[in-house]
Structure formats: structure tokens, C-alpha cells
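**Student:** Pulled these from TrEMBL:
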- 1-44: compositional bias 'Low complexity' (COMPBIAS)
- 82-110: compositional bias 'Low complexity' (COMPBIAS)
- 129-148: compositional bias 'Basic residues' (COMPBIAS)
- 164-173: compositional bias 'Low complexity' (COMPBIAS)
- 312-324: compositional bias 'Acidic residues' (COMPBIAS)
- 219-642: domain 'RCC1-like' (DOMAIN)
- 1-173: region 'Disordered' (REGION)
- 291-340: region 'Disordered' (REGION)
- 218-279: repeat 'RCC1' (REPEAT)
- 364-416: repeat 'RCC1' (REPEAT)
- 417-471: repeat 'RCC1' (REPEAT)
- 472-529: repeat 'RCC1' (REPEAT)
């Protein structure tokens, strides 16, 4: 092993130096030479024997720097008689023992050092970074196991017979092939770790059903201008030759046929509509400029100039031009791609605003698409999303049971009676302060005041809001320029024309309200006993009551003594109301007997009365399409309206 070679060389040099090169006795030189010869001989046979001799050499210190050098014998050394050499070695060793007793005392330390060195070398041999010389050292251990004369040099001075050494040398030279097997002892393979089967992801617990989808299949009747595809009648004349715009009276929409489509619920926005079918499909049609339809609507068909106005009292109108110039992808009811919703989603209701739409699921989740608009243009759908062209989940909302949508704001009611608002808030319709620097935050649903109240009903006007608590009290807030909130003007802050926080509407305290909605500047309510109430602006026929028939103490007159709005709610006579709806300046009430009544602004036939003249009094909508039908719902947009009635021949199933 390399440190042992170094010890032998050092011993040789020290022996030679002690003679000073001039002694005639030559015992010491012979001893030195014998040491070299013996080292050489042992190197050719086995280095383990050299180690044994080195242990007897008391002059040999441990020296590592020259460990890798091999000492070559002089040419004369091989010719010496081996017996003589061994005798000289023994003599030299004996002489050295008698002459240097002091050094003998230090020998154990050197031997210990050498043994430590040997031990360290033997421990390092299996290391993978060992050199080629270290690899050769491995067979020496193997030879030691086969050689029975391991300690022979200590007991006798006779050297091993050369003829016996040769085979060992041959074995040593042949050993390198097997050496790696000894040096590279395979590591003990650790016991395989116990494989623990990965835990299966817990199946998401199904959310409880909070909302029941409607099941009654409806016939859908449309009327109004429809110049932007709001009527959903397609872009071309039907087989009956009827035109698809300027429909002055209700017409059954063939694209929403009860037998094939089966609409069960609808909502009307400013210039678009949303419908839910018995098969859990959401249909949209109308203007899609800001993604209100929730689906792509590439332009198809040619653009044509449309006539303006008309006054035809017939049940429906016709036109010689087959092509209206409308985009059929907007003017025809089509489905929103269901892949935008989680698998297994079942819808309970759909809702539309100006350029925004929402869908409420049976488990209380809310999806939305489109965008909100403020006083200065587009606000966005939510922070970072200017327009949602396809449905997105509103993550802040859970366990929602009702939704109400104004022009550009939304109210959501959860199962605990808490109310959340979001959207545009410049008119205080969110019941929280919104300034330009916090406008983005207004797009995130947030619970507002009345935390001690349990709300059971919510409603929206275009720019104001209502809630009803479990005690029947009505609270309102938002734009109040014409008293549309029902709160007296003197309760406004700094003549702001707005009510900034939910405020009790004392004028409704005597009524049991079951539904409440609002237009731009007026509001309607329906009571549990069938009364239809109106308040707010009245100078554009919004009340449905002749001005002369209104109680004077209910009216606010301007400086010119013109009646402007109703301070207190008035009851519209001769209607047993079941449902109410408003447009910006139009109203519709559906009676318990299935008849519908309309009034107000009618420039675009949005009253369904067949005229462009305003309707001052609530008047029954009557034509061949709806006569004898059981109407149950109504909706009014900016320039169109929709009625829905029960289709008795279709089973009432939702398919979900």
C-alpha cells in the first residue's frame, strides 16, 4: 500500500546516511541494500509481506509524499544469493536492535502510525474515486486470505522460495480483471420503502339544492321596434310573410316554440333578452356589442336601411323586403355554449341588464357575462376584465337564492338573508360610496348594511334598489330625482337627488309587498292582495292613471304648477295584479285572470298597443295572438316588450 513504500524508502535513506559513505565494515550499507532488495522482492510478490518487514524496521517513519514512487532494484541486486541476503538482513536487524535501544522505545508509535495508515488506506479502497493504483491494491487482500505465512518474516530469517513466489505473481497479475468485483462490492440494497397508495382526492361534496327551476313551459309573444334583433324573430321574413321589425302588437315567436324549445323563464334587458328552457339551455338574442349574449355573433347578411316609425293596428305587419339587414346570429335565439359552465350545472333563473346578463344555479352559484357601463362609458365586468364575452363564475357569491338586475347594477340575496351589490354606483344604487379611484372595487360583490335585518325579497329600478325584510318593511336607496325610491326628497343628503343608504319607505308600511320593480324614474309594486302601486315620475304617462284622477296631496308640482311625480304610492284602479314590469318610462301589469295591461311611453310600440302614441291609462293588451291566453309574465326593454303565457299542451318538465 502506498504509505508502506514511502516508509521503506525513508528507512533506506536514513541507513545510508548513518554510514557517511566511508565505513569498511559495510554492515549498515548491506542492511540498507538488503532492505531495498527485500522491498523490491516483496513488491514483486506481495506488498503485505513488505509491510511485515517494515514493521521490524525501527528506523522507518511514516511518510506520505513519496508514496506513489516505486523503488527499482540496482542491476547487481538480483544476482545476490537469496539466503545470504536474508542472513544479512537478519544480521542487520539484530545489529540495529543492539545499537539503537532508544529508538526501539519509539517504535510502537511508528508501528501504530503505520497501522493507522494501513487501516486508513484499506478503508479508502472501496471509494469510487480511487485511482488505478488503488484498484491494484485490492487483490493483495485476496492473496492474504490464501497465504498461510502471513507473519513468517518475524519468526524466521529465511526468505520465501522464489519458485513459490512466481505463481503468486502470476495470480497477482491476472487478478485485475477480478479486482473490480472485490473493490466494487455491491452496496447492500436498502429495503424498498413501503409504498403508500396515494390518497384519492376527496370527491367534492355536492352542494345542496337551494333553488328550484321553473317547469311550466311558456308561449312567448314579442312586440316593439326590434331594429337591433331584440324580438328574436330572425333576420328574414317567415313563411307567413310577416316582417321581423316594427311589430306593433304581440306575436308568437316561432323560434321559441313551446313544443320544440320549451321556454320556462325569461328576462329582458335594455336591448337583449335571455331565456331558460326546459332542457336547461340558456338562449340569448338581441344586441351583443358588449358581450351581453354570452356567445360569438359574427356578422352575417347584408345591411339595409330600415324605415322609421309606423302606425298599423293590424295584428302583425308585413313588408316586401325579405331581408331586414339584421345579423341572424343576434336576431335569432341561440344557445350559450354549456362548456362554459361546470359539469352538472342546473339553472334556476336568468337575468338581464343593459349590457350584462346573469344565470343563477340551483345550488346558489352565479355566472355572468357582458359588461357594466357607468356615466363615462364602460366600467368593465370585473377588475381586469373589461368585457366577458362568455360566461364566468362570480367567485364571491355562494348560496344565492335571488338576483335582481338594474340597468348597470345587481343585487344578490343569499340563504341567510344577506344582500350583496356590485356594478355601477354613481347614483348610490350600491348602498356604498363609489368614487373614480374605487370604481374597480365596485365591480366586486359586497355585502352592504342592514346586517341585523333578514331580507326576503330584492328588486331593482334602473338606478335605484329595494329590499323587503321578513317583517314586511321596505327599504330603498339610489337615484331619487323624481322620488322613485319612495323616500321623501327632504331626506336626501345635500340635495344630491340620491339616497345613499338603505332607508325605510314609510309610505309602503300599510302594504304587504310581494314584488317591487322600477324604471328610470318611477316604480311599481304588487301586493299580496292584488293591488298595483305606482309612484315617482308621472309627466310622461308613467303612472297609468289620468292625472286628474290622482289625489292632489300625492303629487309634487314644480314651480310652473306642472305635476312632476307622485310623493306617495297610488293604486292603479281596476287591476287585480299578479305581476308587474317596467321599462324606462313604460309599465305592464299582468292580472290574476291572465290578462295584461300596459301604459306609458310607446314611441317604439313597446306598450304592445299597436300605436306610437303614449298610453296615459293602463289598457289591456288585446289581439288575436294573446286573446284567451293565460299570461303570467311580462318584460319591457328600451324599445320592445315580451309577454309569456302558459302553453297547456306541453308537459311541465325542466329536463334537469
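Please read every residue number as a count from 1 along the shown chain.
Yeah, the Cβs are placed from backbone N, Cα and C, and that goes for glycine too.
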**Student:** Do you know the mean pLDDT across the repeat 'RCC1' (472-529)?
**Tutor:** 95
**Student:** If you run through the repeat 'RCC1' (364-416) with DSSP, how many residues end up as helix, strand and coil?
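**Tutor:** Across the repeat 'RCC1' (364-416), DSSP assigns the residues as follows: 0 helix, 32 strand, 21 coil.
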**Student:** With DSSP as the yardstick, break the repeat 'RCC1' (472-529) down into helix, strand and coil residue counts.
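**Tutor:** Within the repeat 'RCC1' (472-529) the tally stands at 6 helix, 25 strand, 27 coil.
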**Student:** What are the helix, strand and coil residue counts for the repeat 'RCC1' (218-279) according to DSSP?
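**Tutor:** Reading the DSSP string over the repeat 'RCC1' (218-279) gives 3 helix, 27 strand, 32 coil.
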**Student:** Sort the residues of the repeat 'RCC1' (417-471) into helix, strand and coil with DSSP and give the three counts.
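**Tutor:** Going by DSSP assignments, the repeat 'RCC1' (417-471) contains 7 helix, 19 strand, 29 coil.
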